[in-house]
Every structure is written in structure tokens, then in C-alpha cells.
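Novice: Per TrEMBL, the features are:
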TRANSMEM  105-125  transmembrane segment
DOMAIN    108-530  domain 'Major facilitator superfamily (MFS) profile'
TRANSMEM  137-164  transmembrane segment
TRANSMEM  200-221  transmembrane segment
TRANSMEM  233-255  transmembrane segment
TRANSMEM  261-282  transmembrane segment
TRANSMEM  344-368  transmembrane segment
TRANSMEM  408-428  transmembrane segment
TRANSMEM  440-464  transmembrane segment
TRANSMEM  476-496  transmembrane segment
TRANSMEM  502-522  transmembrane segment
Amino acid sequence: MQASTFTVKGNTGFGLQNRRILQGVSDLRSRNLAGKSLRMTERNSCFGVSMDSASMGIELGRARRTVQSVFGSSAKARSHRVRAAGEDIEDAAPLKVQGQSSGSVLPYVGVACLGAILFGYHLGLDQTFLVQAFSKFYAISIFSSGWIVSTVLAGAFVGSFTGGVLADKFGRTKTFILDAIPLSVGAFLCTTAQSVQAMIIGRLLTGIGIGISSAIVPLYISEISPTEIRGTLGTVNQLFICIGILVALVVGLPLSGNPSWWRTMFGLALIPSVLLAIGMAFSPESPRWLYQQGRISEAETSIKRLYGKEKVAEVMGDLEASARGSSEPDAGWLDLFSSRYRKVVSIGAAMFLLQQLAGINAVVYYSTAVFRSAGITSDVAASALVGAANVFGTTVASSLMDKQGRKSLLLISYTGMAASMMLLSLSFTWKVLTPYSGTLAVLGTVLYVLSFSLGAGPVPALLLPEIFASRIRAKAVALSLGVHWIMNFFIGLYFLSIVTKFGISTVYMGFALSCLVAVVYITGNVVETKGRSLEEIERELSPAI
């Protein structure tokens, strides 16, 4: 596809052509000073350009360097790096359309976050001892209860990879609609379950659904969010996961007095599942995915709905600059391990690996015991306090993400988590702290959760879609989330055995060391993406060959 351009023909050298360009600029400015109005319209273009002042782009041929300039009384040219086909990287000024955007992405981010709420809600159902209630209701064994819990994680692992494949093949919005099927069917089977087998199948389908959601919610939000607020909107994903967990805890309060209440809790999950499918049927597809599929007119329509018609030229210009010099198809799974993408994919996987090795699941698991030592006997109250701290910290992170930056929040987060883990470890071992051990353990737990929610929790899901190139984005996100679910499974499987052998204090100290390792790794490998477009990040980290 071509941008809106006027072609300078002839066999003159680049210097002569550059002088002609400058002469043209001088003429334009002279006419503007004389009070005359000049409007230049595009030719051979796939999208429209609307500007308050005159604009001119010069194309020096298919194999020539591309120079774009925008002139306006108040416009400021911003230099960025563009790789032209077969050429070196040159400075260019991208199209920047002045004026307020008439579109809004917020309603569509809200619809996508229904998937995040369901993610958190189904995780929260296990935390409210829902499985134990089911076990008592049907008098099943502990082994069967373990299968009911583990099938969710197994399903999530499968779903995270499935989500990446579906998102590449059918698009982001259609994948959301497909995702509503296992979420709805799984919730229905759990609600009506009369046997362990039915419950296991229902939880497996639910796990597949939340696995798909974990992959496509941050992917879709990152691809439709404007650069200047992408960090804030990306953090909303983690915020709604935390809200979903809290909702599950609140909904679970009647469970102690009504043993059959678990059916209602599963049944309530049907509502957001259906709303997700309906909402996504009316939501715009990701313009980046449409452009990559060659569906240019549909990409323009999507941009108009998301940002307003006045932003079409700017966004399409960024997409074209990213695609220029590369007509590559969607990447296969093996491409993720090629020399071009290996480093960035390893960073993405490491983000979730370090997140799990930092001990968040252990802290949440032991939070009830810690709070009991401080006199808080209600398990639900303890879980609610941890959930509230998570929501508060994530809300703060959302306000700081586009100001402080992703990398700095990660460093602050892991440093705080390391200090909190050390406090937890010492509160169990130092005799001098014995009189205050309960209070210090609670303080360490809350500080850890707050630190986690500032960076280690929300940033990986936001950062990964930003650092991955468009042709590998869906599959690379799926692979990284696969690492997350595998680590989640094995930590849950072996954690109690390790605690029994080494003691909780030693395990906490090990988690503290993992947090310090994360600080070192992030300092040396993670790039800052704040205030940069996805296309600009892609050109730096995964330049076209």
C-alpha cells in the first residue's frame, strides 16, 4: 500500500531533488504568508488525510528513501526512525494530525475486561473454599478435590496456547466470542453438576476459557489503546482480575450458612460470559491485525470507530511505516526461537517465570495462617484484606504506568517484594521479634501484596504485547503465558513438600533472593516502552530483515 504522496519524477540526484523539495516548502510558506489557502489532496491512496494546514509527502520511488513532512501553523515535527525497503534507517517526520480525537476506546476496553473479571472470578472461587464445599456436599475424597482444582490450571495452560492461535487466525474480537463458549458451557456444567466427573469437565472447560482470556485481553487492549494512555489502560486488565477475585470472595460469604450456595456462585459466572460475547460482536477489530491481513479498508473503519476519522492518517501512517520493507506472513511457532526474535521472546517468558518464582502464590496460600497468628480468625476476611490490598496497589500502578514507566515500576515492585519477604522470614525466626511476630507477618504480607500489585502483577501482561512484533505477538504472548501456567502448576504441586522439608522461613528467604535476581535481570534486559508506539518499539527490538 502507498501513503498519500506526490512523486518527483526524473533521473536527478538526491541532492537536486532535496533542493526541489526545499524550494517547494519555501513556495508554500510564501503563499501562506500572502494569505492564500492551499490544500493538497492525496493520490493513489488507500486512506484519507484531513489537515488544518497544507501537507506534502514526497515519494522518491519504490526503492528510494521516503521523506514525509507535515506543515502547519502550530504543528511540530517529531523525528522517528523508519526502515525503508532495502535501505538504511533514515530520519522521518510522521503524520501528526492536530485536534481532539472524536473516538473512544474505553467502551471496548471495558468489554474486553469482562474476560479479566471472569479470570479473577474463577480463580477467586477456589480461594473461597468452593471446592471444599462441593466435596462436603457430595462427600468426595481429597484426591478428587485436588483433581477439580488442578484441571483448571491444566485447562488454562491449553487455553493460553489456543488463544494465540485463534487470535492470529480469526482475529481478536472473534476469539473473544469463541472464548465465551467454554466459559459459558463450563460454568453451566459446574452449576448443574451431579457428579465429580461433571464438575471436572466443567472446570476443565472453564480453565480453557480463562487461559484464552489471559492471552487475548492484554493483547487486544494493547493493540487498540492510544500510545499516551496505553499503560494505564493495560493495567486495567490486572485491576479487573483483582476485582473479579474480590467479587468471588464477597459472593462466597453465604456459603458457610448455605452448603448448596456453590451452585449459585458458578451460575453467576454465566452472566459476564454472555455479555462478553454480545459486547465483542459489536466491538471493532484490532486495526493492526486487520492491516497485517491486508484488509486495509476495514482497518480504516476500525480506526475511525476507535479514535475518530481525524486520526486515520496518523495511525495508518504508523502501521505502514512498521510494515514497510517487510511483507512477511504470520510467524509459526518455530519462528519464535529464530535469532531475530529469540531474545525478546525469552524476556517475555522470563517476566512470568520471575513473577511465579517471586512467591505470590505462597504468600496468598499462607495469608490465612499469617492473619490467624495476628488474631484475625476469619479466612474470608483475611482473603478479602489481601484482595483489597491488591486492588489498591493495582489502582495506584494504573495511575503511574504512563508517568513512572514500566521498567521503573518493575524495579520498585521487586525490590519491595524482596524486602517484604525478608521481613516475613525474619518474623518467624528472630527471637527478638517473637512478641511482634504476628503483627510483623501481617505487615509483611500486606506490603508484599502491595509491592506485587505495583509492578510484578500488572506489568508483564502489559509489557509483553508491547515488546513483541506484530507478526509474532499473539503466539509469543501465548507462549509466555504458557510458562506462567506451568510454573503455577508445579509451584502448587511441590510447594507444601518444600515447606515441610525446609520450613516456611527458609522458603520465604528463597523467594526474597528470587526477587533480587529479578531486579538484576530487569535492569539489564527490559526496555522502557512508556510513550512509544507499538510500531516504534517493534522497529527497535525486531527490525525487518
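Each Cβ is built from the backbone N, Cα and C atoms, and glycine gets one as well.
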Novice: Please indicate, using numbers and ranges, the residues of the same chain that are 6 or more beyond the transmembrane segment (502-522) and have a C-beta under 8 Å from a C-beta there.
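Specialist: Here the qualifying positions are 350, 354, 357-359, 362, 366, 407, 410-411, 414-415, 417-419, 421-422, 424-426, 428-429, 456, 495.
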Novice: Grab the same-chain neighbours of the transmembrane segment (200-221) for me: Cβ-Cβ under 8 Å, and only residues 6 or more beyond its ends, written as numbers and ranges.
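Specialist: Tertiary neighbours of the transmembrane segment (200-221) are 109, 112-113, 115-116, 118-119, 122-123, 147-149, 151-164, 166-167, 172-173, 175-176, 178-183, 185-190, 193, 233-234, 236-237, 266, 269, 273, 286, 461-462, 464-465, 473-474, 477-478, 481, 484-485.
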Novice: Across the domain 'Major facilitator superfamily (MFS) profile' (108-530), what is the average pLDDT of the model, as a whole number?
Specialist: 86
